[in-house]
Amino acid sequence: MAEEQPQVELFVKAGSDGAKIGNCPFSQRLFMVLWLKGVTFNVTTVDTKRRTETVQKLCPGGQLPFLLYGTEVHTDTNKIEEFLEAVLCPPRYPKLAALNPESNTSGLDIFAKFSAYIKNSNPALNDNLEKGLLKALKVLDNYLTSPLPEEVDETSAEDEGISQRKFLDGNELTLADCNLLPKLHIVQVVCKKYRGFTIPEAFRGVHRYLSNAYAREEFASTCPDDEEIELAYEQVARALK
């Protein structure tokens with residue numbers, strides 16, 4: 001007889017109405033992990049302005065997101081992810097860790113470059129900061145278009161050319177994608193709204209990656225509304241003057 005699964009509940013930041021999902025890439029990351037694991041779980045949005053007594057008791061002063069697994073409360077996104085990968089394991093649940101270590105780090109500096117770009121109010125610095133963001137996106141594009149070791153046929157003398165894989169580590173979503181995609185989504189939405197900047201079409205690997213990601217329910221259905229992201233960055237994005 002199969003072992004009964006403990007109750008799993010993810011507490012995430014609520015949006016501006018106090019109910020729908022708010023802008024938080026860490027919350028979306030864990031939402032995606034749980035969905036990909038195929039585990040039964042609940043998601044509870046927490047209005048940060050009015051934390052309920054239940055939430056305060058479970059995680060007094062705790063940062064969102066946090067996880068309730070049975071009676072255990074888990075905090076810290078990285079630790080929660082490690083915990084879920086360890087307890088929700090094969091054969092019952094899929095392993096989500098990337099095979100290639102580079103998949104975990106590729107594109108990770110994009111968000112820092114984006115933050116510097118969007119927070120800058122000095123027009124004289126704008127071009128250089130935009131170039132920094134483009135450079136980081138190009139590094140990701142190069143990784144996505146370069147074949148992974150498992151895509152290379154060592155018996156063939158022909159050049160393997162451009163990788164056609166769907167995601168960072170292959171054709172399935174992994175923990176690496178759960179980490180990067182929510183941040184890339186924010187970059188797209190905020191840069192378009194506050195800088196009129198879009199990811200260049202020349203970055204075909206990045207566009208293919210995002211197109212494949214938006215076709216997956218685990219990503220598309222866990223994204224907050226664009227308006228929530230724009231609102232979260234209203235005070236952060238500095239006008240150039």
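Quick reminder: no glycine exception, Cβ is built from N, Cα and C everywhere.
Looking up the ranges 26-46, 173-193 in Swiss-Prot, the one annotated as transmembrane segment turns out to be 26-46.
The range from 24-27, 140-143, 196-199 that Swiss-Prot describes as motif 'G-site' is residues 24-27.
Taken residue by residue, the domain 'GST C-terminal' (93-233) breaks down under DSSP into 84 helix, 2 strand, 55 coil. Note: the CA-CA distance between K13 (N6-acetyllysine) and S211 (phosphoserine) rounds to 26 Å.
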